[in-house]
Amino acid sequence: MTAAGPGAAPSPGRCDSDPASPGAQSPKDDNEDNSNDGTHPCKRRRMGSGDSSRSCETSSQDLSFSYYPAENLIEYKWPPDETGEYYMLQEQVSEYLGVTSFKRKYPDLERRDLSHKEKLYLRELNVITETQCTLGLTALRSDEVIDLMIKEYPAKHAEYSVILQEKERQRITDHYKEYSQMQQQSTQKVEASKVPEYIKKAAKKAAEFNSNLNRERMEERRAYFDLQTHVIQVPQGKYKVLPTDRTKVSSYPVALIPGQFQEYYKRYSPDELRYLPLNTALYEPPLDPELPALDSDGDSDDGEDGGGDEKRKNKGTSDSSSGNVSEGDSPPDSQEDTFHGRQKSKDKMATPRKDGSKRSVLSKSAPGYKPKVIPNALCGICLKGKESNKKGKAESLIHCSQCDNSGHPSCLDMTMELVSMIKTYPWQCMECKTCIICGQPHHEEEMMFCDVCDRGYHTFCVGLGAIPSGRWICDCCQRAPPTPRKVGRRGKNSKEG
């Protein structure tokens, strides 16, 4: 077998059917094979180690030919006013990064087509040529392009950052030159006749600036952060100023040692003093509402006795003491002693668990009270007037003192004695019923009613743990004489049964 010439010998990895040599392939054909547009058929085959070295040399030559400098990558603002945003041309970005099909590789980037006005604007800035004005150009957001270069092309981003720094340095230099030129022009002498006018204009501008600054401080920047103390300072609110005699400090404003006299001390009401151990306490400590009573019937009987005695003997004094409680401050010390002395003999048998004055005021019948009169009222149960009740008989209606509800006593299952008692005080219906002691309508499940006057009481307001079974009468409806109780026997009944 004869040896062929050096040009006729086939290479080890070359296909016999392919007349063209891979090493002799032109750069243009190589670019067509590497492109992803799909317009030309791609000829690919397995290469040996010798062909791989040749392909690397070819790719390096292509990159050297297609190098795009970072100075040509332009960032512009559109629209050029204050509302504009910064963009880059996709064609320039793809050439700078060396990506042939940029849209296919990064489809998630926000892009838009350039308008005709935008192309003319870029043509004036010498960003594009006249030929490119007729082509379809695409704009990308500059912040997304910068993020892409930071993540995937750090070397390209570093090169582009150097160019940006040089441009910023050049801009500052140009600005300084303009400022120096303006300073040289301003060194010219100003006419003396125009100096007062310039002074007035300067004063007017300063006044406008100060007024705007103060207005912003009062409206927009009232609070500020103190850097030294790390405290947010807020303007102090407006307060009413008391006269000087009301704020004058006394000779003994505060006690320096325990037991020393001072001007500031708590003033107790007469009812509060009855619970305090001043030689002898008049009242037992009030029962805890959460603890069950030992004998609810006995306690209610004792309370009724005390209430009856209070109703007969202590009408005037209870009114006066309730006035002191509502005012919140007791009389002076000398008047307190005399007032306490008068009350001492009259209030010994009053109800021990709550304020006797407050209960007597709320539970007593108002003198000269006249019930409400509603001429055309209807019963809320049978929906009939006073001419006929549910039994077809004429019967007068009773009316709630707080709302417009009315009803026949027979429809409400009330006796004649109860109706006569209701007409002596401001009666309340079931919807408006409040506790006589605390005056609150809450805790309906713990509210009970007197069988004589239909007044409402909370169980915890009268010292009961639960609603007693059977007949229950409040303190103000008791008729039996009161039974005295000793202070030492707390929680026990004084009478048997």
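The backbone N, Cα and C atoms fix where each Cβ goes, and this holds for glycine too.
Source: prediction; values computed, not measured.
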Listed residues Ser320, Ser326, Ser334, with the one flagged phosphoserine by Swiss-Prot: Ser326
Residue carrying phosphoserine as stated in Swiss-Prot, selected out of Ser21, Ser330: Ser330
Position flagged as phosphoserine [Swiss-Prot], chosen from Ser180, Ser296, Ser410: Ser296
For Lys384 (SUMO2 cross-link), nearby residues of its own chain (Cβ under 8 Å, 6 or more apart in sequence): Leu378, Lys390, His408
Taken over the zinc finger (437-480), the model's mean pLDDT: 84
